[in-house]
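Asker: Reproduced below are the annotations present in TrEMBL:
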REGION    1-33  region 'Disordered'
TRANSMEM  55-76  transmembrane segment
TRANSMEM  88-112  transmembrane segment
TRANSMEM  133-151  transmembrane segment
TRANSMEM  179-197  transmembrane segment
TRANSMEM  209-231  transmembrane segment
TRANSMEM  258-279  transmembrane segment
Amino acid sequence: MEGKEEDVKLGANKFSERQPIGTSAQTDKDYKEAPPAPLFEPGELKSWSFYRAGIAEFIATFLFLYITVLTVMGVTKPGTSKCSTVGIQGIAWAFGGMIFALVYCTAGISGGHINPAVTFGLFLARKLSLTRAVFYIIMQCLGAICGAGVVKGFQGSHSFDVQGGGANVVNHGYTKGDGLGAEIIGTFVLVYTVFSATDAKRNARDSHVPILAPLPIGFAVFLVHLATIPITGTGINPARSLGAAIVFNKGHAWDDHWIFWVGPFIGAALAAVYHQIVIRAIPFKSRA
């Protein structure tokens, strides 16, 4: 027991009380603030890496819609028991799991956004140029449309229509305000997690803590889907909502569609402001 107590004392006093804790532990020795991305960077348009990143976003969003919308098609099957269907939990796992896998695969090429709201939030934080942000959003939307289109081709019009094509709508019993609020908060959770998981300063400061960025991002998507599928089917990704709506193309899919753009963009903006001003306090840092 005496030896154990001694170990505890050594552990408690391993670092002096003057050792900075938390964000104040960061020093310039292991991290320097990256300069903000330029608003316009014409030189990008001549770079193959720029187009390669856009293609990566297209393919990733295509695969994301293909797997997730196809999973939505299996949420219920007429004449079968609930045990033979994926259910809401299965849908949530499909969305979260695909984001985990796709961010892992594409993060080194395009940053693994796979979501116009994420791209918008990172643009507001000056992590990428407007040129790249617009290009990413276009490619994400095109990939989403193609992914949902392939699902309809596999399922056929009748089966596809039974589940509403996986399109996002505000469900019965909820108001448009409820849907908008759910999308704002859900996207805030996602984009805030993205900022935290990819924060280079945090990685430098907490290098003793292994951080696999795609894991918390995918898990955030999973949890948000569990919470908000009953409200809106969970959008938090304008490209996902647009792709499903265009391919389904029925009246009610467009009735509330604005919610799935306005909500995620507001949520992403709030997350960017919160992270940059509150968490990082960048506007308050003294400039050398």
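Glycine too: its Cβ is placed from the backbone N, Cα and C atoms.
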Asker: Apart from its near flanks, which chain residues at least 6 from the ends of the transmembrane segment (88-112) lie with a Cβ under 8 angstroms of it?
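Answerer: Answer is 52-54, 56-57, 60, 63-64, 67-68, 71-72, 74-75, 122, 127-128, 136, 212-215, 217-223, 225-226, 229-230, 234.
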Asker: Between the transmembrane segment (179-197) and the transmembrane segment (209-231), are there three or more CB pairs that fall under 8 A, provided the residues in each pair are separated by 6 or more in sequence?
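Answerer: Stretch pair touches.
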